[in-house]
Amino acid sequence: MYSTKKESRKNLIKRICFTIFVLLIYNALSYVTIPGIDPRQLAKVANNPSLMMMSLFSGGGFQNFSLMSMGVSPYITAQIIVQLFSSGAIKVLTEWSNEGQVGRQKLTTLTRWISLVLGFVQAIGIVAGINALAQYGFAIQNTWLNYIVIGMLLTAGSFIGMWLGDQITQNGLGNGISVIIAAGIIKRIPDIAKTFVLSVSTTIGVKWDIVLPVLVCAIIMMAVIIWFNRSEYRVPVQYTRRGNEKTDDSYLPLKLIVPGVIPVIFAASILTIPQTALLFFQTKNTSPIYRMFNDFFSLTSPTGITLYAILIVMFTYVYSVVQVDPIKLADNLSKQDAYIPSIWPGDPTAIYMKELIYKLDLPGSMFLMIISVIPLITSNTISPSLQMGLSGSSLLIIVGTLTDIGRQIEGLKLKEGYSHFLSTKHSF
């Protein structure tokens, strides 16, 4: 038993060290500046809402316009597209999703090809847009060849980020993509705090009537987020032995926020698509049509915030049944001679679990929406430049990622330290 616990501790330390090592590599790459541009010009347009949204997914690489400037944004967008289409919209993709490991590998390959195309288009759009915002002083040479070369480098950096994220998922702790994004947000906290202090400071001193309420709200928000992330709904489960002899009752834990922080990440990623497209038309920024579309998708406008809220709710419902597949869950219960009391095994169990997940999605989606939107409105009122720094989206991603890592650590301890106990009735 002692040897088993020792091996468990050793494996856990190895995973922690591997995760930190990969994050250090990503951080080092975020300082590799892309050639052919003038990084000093980026500071002039750093407060642009579209660029601030994209910076959320860069993992800390956008400030220097480095190799990792796009981060994992194209991959996230590609994941959204593939998952939505494989949920019944396209027959072939739906069939692949039901083919087990082989089908998942096909979907993964398709996701990477789509992210390649999206990444290249997005990269050129970002360069062209920043160049227009900086009055054509960002790109050293305003030629399509220069744009293409920069686009290829940014796309390559995005693929490196995607690969590093996969390595964390497989060999480290947590979901690799979420870990990279959360680490980038944490890295920016000192700069965010400095910007906040400057925005509420005057020649006389700091406006404590603004600072104190914001700090209190942030602490309360953090506590509420932690509570929601740790809350779970326990579905009673019973196991049978030969002769229909019942074992002790157990339960299946479902998170109150079933899909975690993924809906927030997906919603923000979707909003970067039209914002990237609008960067192509920066020279037309005085046009009424341009202003209309810019206001519609901007998180500094009521319409943009409303759209963001709707996307969060929508992705909560869509991704929850992807995160916890009711059909596979019902099948796994049947294979382990387990059942939910008063519910027939098989399809009735799958239907029951799907309905239960959707019921949990109502409070879960409302919580994600409120936490993401209210701080966004508040920060826009104080200083628009803080919209991503003070937003609940950042807090949700950080807390959600750390909570998932904590759950995985607990799971590893149970799996490796008490494998004989899990094999009886607690493994799903």
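From the backbone N, Cα and C atoms, a Cβ is placed for every residue, glycine too.
Unlike curated records, TrEMBL annotations are generated automatically.
Among the features that TrEMBL reports, transmembrane segment is placed at 12-34, 113-138, 144-165, 172-190, 210-228, 256-281, 301-322, 362-382.
In this chain, the transmembrane segment (172-190) lies apart from the transmembrane segment (210-228): fewer than three C-beta pairs between them fall below 8 angstroms, excluding pairs fewer than 6 positions apart. Among the recorded stretches 12-34, 113-138, 144-165, 362-382, the one sharing the largest number of Cβ pairs closer than 8 Å with the transmembrane segment (301-322) is 362-382. Remote same-chain residues near the transmembrane segment (113-138) are listed as 37-38, 41-42, 44-45, 48, 50-51, 54, 65, 69-70, 73-75, 77-78, 81-82, 147-148, 150-152, 154-155, 158-159, 162, 272-273, 276-280, 282-283 (criterion: CB distance under 8 Å, separation of at least six residues from the stretch ends). Stretch with the most C-beta contacts under 8 angstroms to the transmembrane segment (256-281), considering only 12-34, 144-165, 210-228, 362-382: 362-382. The stretch from 12-34, 210-228, 362-382 that makes the most Cβ contacts under 8 Å with the transmembrane segment (144-165) is 12-34. For the transmembrane segment (362-382), the residues of the chain that approach it from at least six positions outside its boundaries are 199-200, 210, 214, 217, 221, 224-225, 228, 256-259, 261, 263-264, 267, 299-300, 305, 308-309, 312-313, 316-317, 320, 389-393, 395-396, judged by C-beta separation under 8 angstroms.
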